Each structure stands twice: as C-alpha cells, then as structure tokens.
Amino acid sequence: MEKWNQSSSDFILLGLLPQNQTGLLLMMLIILVFFLALFGNSAMIHLIRVDPRLHTPMYFLLSQLSLMDLMYISTTVPKMAFNFLSGQKNISFLGCGVQSFFFLTMAGSEGLLLASMAYDRFVAICHPLHYPIRMSKIMCLKMIIGSWILGSINSLAHSIYALHIPYCHSRSINHFFCDVPAMLPLACMDTWVYEYMVFVSTSLFLLLPFLGITASYGRVLFAVFHMRSKEGKKKAFTTCSTHLTVVTFYYAPFVYTYLRPRSLRSPTEDKILTVFYTILTPMLNPIIYSLRNKEVLGAMTRVLGTFSSMKP
C-alpha cells in the first residue's frame, strides 16, 4: 500500500457522536458543559487571585488545577464541536500534532499536580508544625513549575514520535481528537516499542502519582481518626474527601484506558472513558471545590459583596 504524504495530508477525526438529532442534542450538552467549565475555572482562578485569605499553597495549587482544566477542555471540545456542526471531519497534520501536544501536557501535568495537592494535605494534617517549612512559597512554586515542565517534556517526546510515524493504512482516526494511541493502528510500521513507551509514561505520570496520593491519604485518614477535636476531624475529612473525589474522576478512567494492552481495548469504549477526564472532570472540579469548601464559599461571598457595594 502506498504511503500518503504526511506533510500535506489531513487526518480525519471520526468523532464521538452520530450525525443525527440525538447526536446534536448530546453535542449541545457537551457545549453547555464546556461553557460551564470555562466559567467555573475562570471564576476559581479570579477568586483565588483577588482574595488574600486564599493566598495559601493549597489554593495556589488549586488555581493551577483550574488553569490546566481550562486548557484541557479547550484542547478538544472546540474542534470537536466545530467539526460536528460544520459537517467536516478533517484536522491538519500540524494541527493534530499541536492538539496532541497540549492534551498530553495537560494530562501529565495535572496528574503530577494532583499528587502535589495530596502531599500538601498530608503535611497540613499529619505535620502541621512543619507545614510552613515543607510547603513554603518556594516549594509550592517548584511543585507547580515542575509539573508543567515534566508534563511538557513527556508530551513533546510523544508528539514528535507521532509526527514521524509513517502512516499509510488510513487517515481516519477513530476518536474525537488526536489521541496518539488511536493513531497507532494507522501506522505502516510495528509500534510495539512506542506502546511500551506509553505504558512506562502512564506508569510514571499517572500510576506512581496515584499510588503516592493513596499513600498520603492513607496516612491522613489514620491521623484524622485519632484527632480529638470533632470540628477538626470534620474539616479534615471534608477537605480530603473533596480531593479524593477529584482524583477518582480523573485517574480511574485514564489509568484503565492507557494501561490496558491494545488487544483488550475498543475504540468506542476508549472514547466514552475519555469523556470523563477531558470533558466532565474540568467542569466538575470547580463545582466540587467550591460547594464543599467553606473558605471558597466565604471568599465568593466577600467578592460578591465587594462587587455589589461598588454598584451606584
């Protein structure tokens, strides 16, 4: 089979939804979720920026999570919605590489950031006297920068590899965005080495942080059960349960999707699972953190009160 010119040919994204009334209704729902995610995460970033009481390591990390979620959902949904509503399915070769890069950067960086947030709660609850030293502004900044840099390096390696694979079987990617594992079946070469790289990368950026988070919260829950103060126990449990909810929504479908061998995966199942961590989680994160957090609710009240008092 003759190879197609990868420098000038477009890929075709087969998409997530059927081109019918049901598909249109679901697309409208996804667009609504997209705007809710934009509003919620933007509001969270603004709230943390303007309220001095939220200028703590935990909330600085949370503002970065909101920024990542903003970029995360913006990487996939606008192109998917445009292709569905316009009836087009193509994406340029370079556009596919750029989309893949940003998606993988956000995926890796967010996994590391969630682990940093778990460590922050571990130190705050289990070693409160050491908290100002272990979670200083410098340490918090190092965690944030490290998450972005490591996520970007990992993503760059995967994206460059994907752009240099000789494609000849087809140009049709059975997904709603340029997910590199979904592109591998189109390659003219044996990709077992890269599939091994995906396994190693997923283990380093998702599985190990997940195990670290589990260990951190295991210690946290042990400490919480031995607290004498009922109020302190309730506050600690609420904070931890909030974080664990976010972690479960993010990690469970991601790890299940990427750690399985290709022979056990199906494109339809992969696309459905991907919806959880690319579309639903960015929308749910600000809701979970705001509605279940008294400090955030208090900041919202103060900011809205200030805004109201400024009106003539």
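Positions of Cβ are set from backbone N, Cα and C atoms, glycine also.
Keep in mind that TrEMBL annotations are predicted by a computer and have not been checked by a curator.
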Task: Feature transmembrane segment in TrEMBL, mapped to one of the ranges 59-77, 78-96 - done: 59-77
- [ ] With Cβ distances under 8 Å as the criterion, find the stretch in 193-215, 236-252, 272-291 that has the most pairs with the transmembrane segment (140-161).
- [x] 193-215
TODO: For the transmembrane segment (272-291), could you work out the same-chain residues 6 or more beyond its ends whose Cβ comes under 8 Å from its Cβ atoms?
DONE: 16, 30, 33-34, 36-37, 40-41, 43-44, 62, 65-66, 69-70, 72-73, 75-77, 103, 107, 175-177, 179, 242, 245-246, 249-250, 252-254, 256-257, 297, 300
Open item on the list: Using a Cβ cut-off under 8 Å, which residues of the same chain at least 6 positions beyond either end of the transmembrane segment (97-119) come close to it?
Closed with: 58, 61-62, 64-65, 68-69, 71-72, 75-76, 79, 91, 143-144, 146-148, 150-152, 154-156, 158-159, 162-163, 177-180, 201, 205-206, 209-210, 212-213, 216-217, 243, 246-247, 250-251, 254, 277-278
- [ ] Let me know the model's mean pLDDT on the domain 'G-protein coupled receptors family 1 profile' (40-289).
- [x] 87
Task: Sequence-remote partners of the transmembrane segment (193-215) [C-beta within less than 8 Å, at least six residues beyond its ends] - done: 107-108, 111-112, 114-115, 118-119, 150-151, 154, 157-158, 161, 165, 180-181, 184, 247, 251, 254-255, 258-259, 261-262
